[in-house]
Amino acid sequence: MKTLLLTLVVVTIVCLDLGYTMTCYNQQSSQPQTTTTCAESSCYKKTWRDHRGTIIERGCGCPTVKPGIQRVCCATDKCNN
């Protein structure tokens with residue numbers, strides 16, 4: 001009986017996602033829309049202009065940016081579209 005209970009506990013721990021994971025978009029501006037599962041608790045969207053036009057980068061976390069780059073960070077699934 002104890003073995004069965006221990007087995008059920010182990011299976012439950014392995015099968016459950018014990019830490020919350022976040023889903024963020026992670027494509028560059030000219031790429032097809034893709035998502036990734038992140039360990040971080042936020043998503044970001046960076047926007048800037050260069051000789052190619054407006055560039056948009058998306059991903060997990062909330063990185064620091066250089067002057068002239070706009071950054072938006074958010075904390076819900078797929079919020080960085």
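Every residue, even glycine, has its Cβ placed from backbone N, Cα and C.
Of the cysteines Cys43, Cys62, only one is given by Swiss-Prot as the disulfide partner of Cys24: Cys43. Here the Cα atom of Cys24 (disulfide bond) is found 6 Å from that of Cys60 (disulfide bond). Taking CA atoms as the reference points, Cys38 (disulfide bond) and Cys62 (disulfide bond) are 12 Å apart. Annotated pair Cys43 (disulfide bond) and Cys60 (disulfide bond), C-alpha to C-alpha distance, rounded: 4 Å. The most densely surrounded of the disulfide-bonded residues Cys38, Cys60, Cys74, judged by C-beta neighbours within 10 angstroms, is Cys60. Cβ crowding, taken as the number of other Cβ atoms within 10 Å, peaks at Cys43 among the disulfide-bonded residues Cys24, Cys43.
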